[in-house]
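K.L.:
My questions all concern the structure below.
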């Protein structure tokens, strides 16, 4: 069976009913069609496979945190880890108490507090933050059409009170330097980036290729930094379900409340799947199930 | 350079001073010589390499939790995860509050609460728990001389108040079935198992070999279960330093307060290192540093 | 209007429907008739007033914690506060985390952890704990018929896992001395004391009379100790509803999950009310409402 | 002995050394002379007594929270308690986690979160918030010279990150309506009010007089509201030391990090004491000790 057929078969094997629920915390996300399903895989030698709505754009949301982290890591290297740690955070419930215990240093760059610090770091380096971010994404994916969904960004911006609280709380510990509203603007643009499965898997492929873009040959980050980014995704990429994902799928990955999940097998491939309804831990219900089947069939997990 | 020479070189590269501190919560552990250092690596095709005090026995402590987990997983399969979860636990600080929030289901089998539940599970299956446990260890390592240090076990037994509290607390949620003192007896024997680096790396080699003992060809657990055990070690094996270990070393591993760490690269090798002084997170200070150098030099991390 | 008529009127003014729920965590408590209602007040000059089922016995439960505290305070004086603090505990949710933060010293003697420490203290002094406790209660109330309900005590004893966990946890911090099962036996007897409203208000009257029994003239505790016991009741006597009680009723008081509440106005009177259905914070729903009306009508709160 | 002599004697009985430390979180507070000590008492029939630096102004800080609460309570009556609760908060450590658990409703109006909500409420009513606040204070004290220390207010304003975080966090739960910076301006003015002991005891005397100003005969709040304000002070007025204060002093009171404490005996008197060095719980070390002696000598506590 070829890989495209396998993708179709794995999709056919999903349960008839999807018990997940589409994210509704911002109106723009709630409008998405819950029956959408797409998947796209690309290997480090640039073979590509797809199924379903793999060329339809969706809001990548928290998946983008890996991209801003990569940009900050490029610029700060090890210095970055003085301002954000690399440990799993336990339950979401603990986030604020941990931030207090840890004196304003977020547990990792994948939780909101950590991603906000990463944005704060980048504002010290980028002349035109949103433009520079998109330029980076364009260079990774080889696709200049990727952009920010302005309605989603505006919608995020209007429900920023909690993120504003996190910023001010970290500022009280001296871990924030830039203006709160500038940080929030940048952060909301980041989360509102829209990609197709195809664009998403291509964008992340450098992390499966030891830090080098397979399309351009350009080195994005060092081999060692690549390993560390993958380790962070593995331990912190799926919110409070990182263990379950490592357990069932066994690859470094990152999810977003838009229903996307991207995962990668080092030296082998990157795969992006999209299905909007989320399980109660905030990850795509069918995305998780599909990737579990995929790694069972297509190839080994990293373990 | 051959691997034995590499091990010596990596040891020579460690800092002159060890800022770690030997565990002292039980007297028996406090007596160990802090300058001891041993390492032993074994590949799935049974080549072996070593350096230093690799044939001196030490208390493997929490490392043994992987062995009892394997025994329980063999017997219960997926049913086991109804009684213990597979998520990282965040800070130690959160353990009790999380146990309350999670209705007596421990976050993972590597924290004390989870290992106690695993012992409780095994007491339902094993006729002679301690004897059956050692028989299992002997079959894995091919070495019948491995045993329990009775003074350490007795010493652990005398400082069990907190573990007894955990058992009673989980019992109040219906997640404990056996007599408290029987569970503690078994648990303290488990933690007091003594091994050399050489015995330890051989014992864990089946986890680098897709669940099959390379020495006997016997299947211990399925390929799928092996992956899951490795995923649990990766995410939960180094206490509150799992992220740092994934980040720096990049392999599934497990540490103990006796100063041992065992780590493995799937389909490749298993390595055990021992150096008693612990960093402030409870992991061998030189063990961590040595393994970081080792994976940089010897071979890739899994990322 | 005389006081007996006032009590009847206040009862008539209660809402038609009682939205509270009878405690069911032990079967013996669940069997009680939810429509029971009794109240008894006694002044320091020994005038008595009553209404309803004021001569029917009920399980006083946590109310008894004040009696064991008084006995321990008599024997240890200020030394007692090294083992238990006198601060409100915030939400029930925090109890375990606070116990950890506070190194095994309970926040106050009215929460379970604190009451268990008080029992542990008393076991060092009492030759026959249960008998000595009842003798103390008999001397306070002038009524030798007060006893322990054996079925309730046995029922409590069977659901002791959580209290056992608290004892072991505090033992791990060095704050428990006696055998766990002896402490639990004594504690369960204490909680299973049965009194009528009339017996209860008479038993607590010494706290409204500066520490002297108005019936016998015997000094139970000093004036200063009396103030402190009243202060503890005021701040910690109504579980997580101490503020609401101070706010609405304005007197030192103590409640139990059997549906009883006792409250007192220093130098004036003591009042006991009983109505089994509890509000969601575990206090008698009608008991709270009745006492609010009572202090509005009969006399001033202490504020 | 007359009362003035008694105040002098009680002062003479204080320990030779003050182990407290002057608050330093804002520079303006750190500059105060630690040897200052003043006390002023005033009875409901307007007899006045004093000792030491009772006519020297100091920053009343959190003591002012009772004044803003009174203003908000006048305007909102019971409706106010939908936005802020009246329960003690346990340890400071729990504040954020409790705010999360309680969906943005602060535990009481004496902690920062609660006082910020009270300021938010007042901004809906007051045309010129700071001016209206001072007018209220002038009417209570009969002294138009009381004002805001502008340097202290500016200093507070510059270290507002944590309070800003609290506001945004509560806003995310829908419990804040006004602009964040307006709330902070008002809050910082409030905390920066400066009074002498004499002014402070006179300002709070209405709370000892059932809600009526003894100076003008004007009713400030109803008798019932007065009781409730006193109950809130009793249970929540001394930060995490409310139990200790009730236990040792036995009166409703409120402290501030400027070293002031005001306490009152209903229907009797109000007393203000000032000594800048604070104990580790943030209350005036000598202030607590002095008031303990005072209530022992001068008159009974309310218990």
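Sequential numbering from 1, following the chain as shown.
Each residue, glycine too, has its Cβ placed from N, Cα and C.
Those TrEMBL annotations? Automatic predictions, nothing curated.
A quick note: this is a predicted structure, and the numbers were derived from the prediction, not measured.
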K.L.:
Check TrEMBL: it lists D:62, D:112, D:163, D:187, D:239, D:257 as binding substrate. Then name which of D:100, D:156, D:194 it lists for that same site.
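P.N.:
Within the candidate list, TrEMBL flags D:156.
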K.L.:
Let me make sure I understand the structure: which of the binding-site residues listed (D:187, D:239) has the fewest other Cβ atoms within 10 A of its Cβ?
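P.N.:
So among D:187, D:239, the binding-site residues given, the one with the fewest Cβ atoms within 10 Å is D:239.
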K.L.:
With every protein chain in view, what's the tally of Cβ atoms within 10 Å of the Cβ of residue D:163 (substrate binding site), excluding that atom itself?
P.N.:
24
K.L.:
According to DSSP, does residue D:239 (substrate binding site) fall in a helix, a strand, or coil?
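P.N.:
Going by the DSSP assignment, residue D:239 (substrate binding site) falls within a helical segment, counted as helix.
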K.L.:
Hey, of the binding-site residues listed (D:62, D:112), which one tops the CB count within 10 A?
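P.N.:
Result of the Cβ crowding comparison: D:62.
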K.L.:
Just to confirm: which same-chain residues, 6+ apart in sequence, have a Cβ under 8 Å from the Cβ of residue D:257 (substrate binding site)?
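P.N.:
Once residues fewer than 6 apart are set aside, residue D:257 (substrate binding site) is near D:23, D:25, D:29, D:61, D:62, D:278, D:282.
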K.L.:
Other than its own, how many Cβ atoms are within 10 Å of the Cβ belonging to residue D:156 (substrate binding site)?
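P.N.:
Here the count is 24.
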